[in-house]
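**Q** Below: one structure in structure tokens.
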Amino acid sequence: MATTGLFEMNDKGKADKQKALECALAQIERQFGKGSIMKLGGDTPPPEIEATSTGSLGLDIALGIGGLPKGRIVEIYGPESSGKTTLTLHCIAEEQKKGGVCAFVDAEHALDPYYAKKLGVSLEDLLISQPDTGEQALEIVDTLVRSGAVSLVVVDSVAALTPKAEIEGDMGDATVGAQARLMSQAMRKLTASIGRSNCMVIFINQIRMKIGVMFGSPETTSGGNALKFYASVRLDIRRTGAIKDRDEVIGNQTRVKVVKNKVAPPFREVEFDILYGEGISKVGELVDLGVKAGVVAKSGAWYSYGDERIGQGRENAKQFLRDNPDIAYEIEDKIRASHGLEFGVDPTAEDLTEE
């Protein structure tokens, strides 16, 4: 009898809690509007995270979802001339192929439109702004994101976002922490609107050295710590060597490490070639990743795909794939399938052209 009474009390307590919860939810919806709170696994499950390709197949695979996540903040940092802007221009070109509107906030006033065009960027459809102050730059970013019509915004770079107080002051005046405060406020304002509009914002950043560090890495990024916390993905890009044609340097060997990733496992690394005037070498990646995935067979110096030999040496194999885009697409499709990825857009013959 006592046990029955205890169960009845428990049931009554649960019913009271459920009633209180329903009242609280109803009050929240009255105050903030329908959809302001809901069950995560309800009638409308959360949508899958969309991704924009980086232009590098290896990096798309390393990021785990086939590219950089939409509706998130991304930070790309590294030393000078390591390929940061090149990588973001490839992202813009890939997003434009899908019909998205892209904007480039050029705080460094250093964008080369001819180079951007060579990487596949449609200059007619690219919005560009060259702001005078950091406040102006971030206000422009906020307005573009809130419009809901822009898919991708690139800020180049955080280090060049100079606070108004610093510009109006004299050379040598101390404005300690002004840039960090500016970035911290911008992150707080941007985060919610970025999520609602499903717009990706990429911040390019530079490396600085911390003074007096005895242990650990002395490197840090400019603009304070706010961006590190708010970014869903952080990429560390480095130049590891030079690519030579006889005695002439024609490009860089580049390594990218996924330092932070909120949408897939982090700390993956990938290497690819960046050729001067051409960008990321797609056919070079197909050869290297094809061998790793077992799609392309390598015996001595010879590369073969199925029963067909595609070249003796890496350069000859690359040339074969340039001349035979259909086979290149087959290889790419199989590499993507082996990692659970699919083509985002139908590729064109121009994607493999490297002059």
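Each residue, glycine too, has its Cβ placed from N, Cα and C.
Worth saying up front: this structure is predicted, and the values here are computed from it rather than measured.
From Swiss-Prot, for reference:
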- G78, P79, E80, S81, S82, G83, K84, T85: ATP binding site (BINDING)
**Q** Are there residues of the same chain, six or more positions away from G78 (ATP binding site), whose CB falls under 8 angstroms from its CB, and which are they?
**A** K84, I207, D236, I237, R238
**Q** Do you know which of the binding-site residues P79, G83 has the most other C-beta atoms within 10 angstroms of its C-beta?
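**A** Per the Cβ count within 10 Å, the most buried is G83.
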**Q** If you count CB neighbours within 10 Å, which one among the binding-site residues S81, S82, T85 has the smallest count?
**A** S81
**Q** Determine which residues of the same chain, besides G78, P79, E80, S81, S82, G83, K84, T85, have their CB within 8 A of the center of the CB atoms at the recorded ATP site, and list them by sequence.
**A** I237, R239
**Q** Could you list the residues of the same chain, at least six apart in sequence, whose Cβ is under 8 A from the Cβ of E80 (ATP binding site)?
**A** Q206
**Q** With every protein chain in view, what's the tally of Cβ atoms within 10 Å of the Cβ of K84 (ATP binding site), excluding that atom itself?
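**A** Neighbour count, Cβ to Cβ under the 10 Å cut-off: 21.
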**Q** DSSP secondary structure for K84 (ATP binding site), reduced to helix/strand/coil, please.
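**A** Once the DSSP labels are grouped into three classes, K84 (ATP binding site) ends up as helix.
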